[in-house]
Amino acid sequence: MGLEFDAVLFLSFGGPDKPDDVRPFLENVTRGRGVPPERLDEVAQHYLHFGGVSPINALNSAMISSIRDELAARGIDLPVFFGNRNWHPMIADTLAQIYDAGHRRVLVFPTSAWGGYSGCGQYHEDIAGALASLEPEAASQMVLRKLPQYWHESLFVDAAGDAVRRAAASLSGESQPRLVFTAHSIPDAADRDSGPPAQGRLYSRQVRAASERAAAAAGFAEFDQVWQSRSGPPQVPWLEPDIVDHLEDLAAQGVRSVIVSPIGFVSDHLEVVWDLDNEAREKAAELGLEYVRADSVGTDPRFIEMAVDLIEQYRDGVVPQDVPLGVGDNGVYCAGGKCCRASVRRPRPAD
Ligand SMILES: CC1=C(CCC(=O)O)c2cc3nc(cc4[nH]c(cc5[nH]c(cc1n2)c(C)c5CCC(=O)O)c(CCC(=O)O)c4C)C(CCC(=O)O)=C3C
Ligand SMILES: [Fe+2]
C-alpha cells in the first residue's frame, strides 16, 4: 500500500478578522478576476457592518475541533491543520508548518462540496501554489491529496434536508411555504466550462441534484433553485435568478411564506448572514412574505461524520478505480487535468 496519510489539512476560503483585514482580504479574493471596484466597496461595507469580522474563521475552527474529536473517538491518530486560500492562516504558511512537523502525506478536506472552478479547481490551485512556495527539495517529498466532492453524500443531503424540516416547523403554518435552495452564483461561462470537457455545467447540475435530494428528504415534492452573491460586471451573464429578484416573483405569484436553504455553503459565513439574513430577509418583509432561513450543514454532526468518513476511507492511500471528481494530488486538476480550470485564466505557480 505504501501511501499511508499522516496528516489532514482543512482547507477553506478565509475571511477577515478585523476591519483592517477587509481590503487586503478582498484584494486577495479578486486578484485578476475582473471584479469592479464598486462591487468591492459594496462588499467591504458588508464586512464592516459586522465589525470587519467574518464569521467563517470561528465556524471553521469549531468544525475542525469537532473533526478532531470524531477522529479521536474512532481511534484515528491524525493531526488536523488549518489553512485558507485568501486569509490567515494562509495555506502556504500552514504547509510549511506541516513539513516542519515531519508530515509528508496530507489529505486535504475542502470546505466546498462542489465541482467548478471556484469550488474545486481553485482549491487544487491553492495546493499547487502552496507547494511551489516550499523549497523544491521539500516540495518533492510531499503528497497532498484532495478529497472528493461530497455534494452527493447522504450525510450531506440529509443534514440539509433536516435543516429544511426544522425551518418548516418554525413557520406559522398559515399557508403552504415555498422551498427555495440557494448557492453562490458563478459566471454562466464558468458554469458551462465546469466539469470534464463535453459534459459541462457540472456545478449547477450538482447543486440542483443535491437540492432535489434535500427537498425529498424534507418531504417536499417541489422546490425552486436560485443563486446569490453575484459579482462581476453587469454585462457578464451569471447564473440566475437571484434570490432577491426571485422573492419578488414569488410574491407576485401569491406565495405568502418562504423557506430559504443555503445549500451551496457549508457554514453560515458572511455571504449567508449578509445576503440571506439581511438583504433577502428585508426584501421578504417589504413584500409581506413570511421568511425563514434554514441552517447550513456545518452545525450538523452528520457533516462532521461525513468529513471523517472520507478521511478514514482515503487514509490508506487507496483511491477508487473510477477516480471520483475532486480527487487529485499536488494540485493536479480532476479528470486527468482537464476539469474545472478557470474560464478567466490567471497564472498559477505550477504552470
Ligand atoms: C462557488 C463559490 C463558493 C462556494 C464554494 C466555496 O465555498 O469555496 C464561494 C464561497 C465563498 N465566497 C466568499 C466570499 C467572496 N467571494 C467573492 C467572489 C466570488 N465568489 C465566487 C464563487 C464562489 N464563492 C465567484 C465566482 C466570485 C467572483 C470572483 C471570482 O471569480 O473569483 C468575493 C469578492 C467580492 C464579490 O465579488 O462578492 C468574496 C468576498 C466566502 C467567504 C465569506 C466570508 O468571509 O465569510 C466563501 C466561503
Ligand atoms: Fe465567493
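Note: Cβ is positioned from N, Cα and C throughout, glycine not excepted.
Taken verbatim from TrEMBL:
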BINDING   Ser54, Tyr123  Fe-coproporphyrin III binding site
BINDING   His184, Glu271  Fe(2+) binding site
Local backbone state of Glu271 (Fe(2+) binding site), from DSSP in three classes: helix
Those binding-site residues in Ser54, Tyr123, His184, Glu271 whose CB falls under 6 A of ligand 1, listed in sequence order: Ser54, His184, Glu271
Sequence-ordered binding-site residues from Ser54, Tyr123, His184 with Cβ under 6 Å of an atom of ligand 2: His184
Euclidean distance between Cα atoms of Tyr123 (Fe-coproporphyrin III binding site) and His184 (Fe(2+) binding site), Å: 16
Nearest-integer angstrom distance between the alpha carbons (Cα) of Tyr123 (Fe-coproporphyrin III binding site) and Glu271 (Fe(2+) binding site): 19
For His184 (Fe(2+) binding site): DSSP state (helix, strand, coil): strand
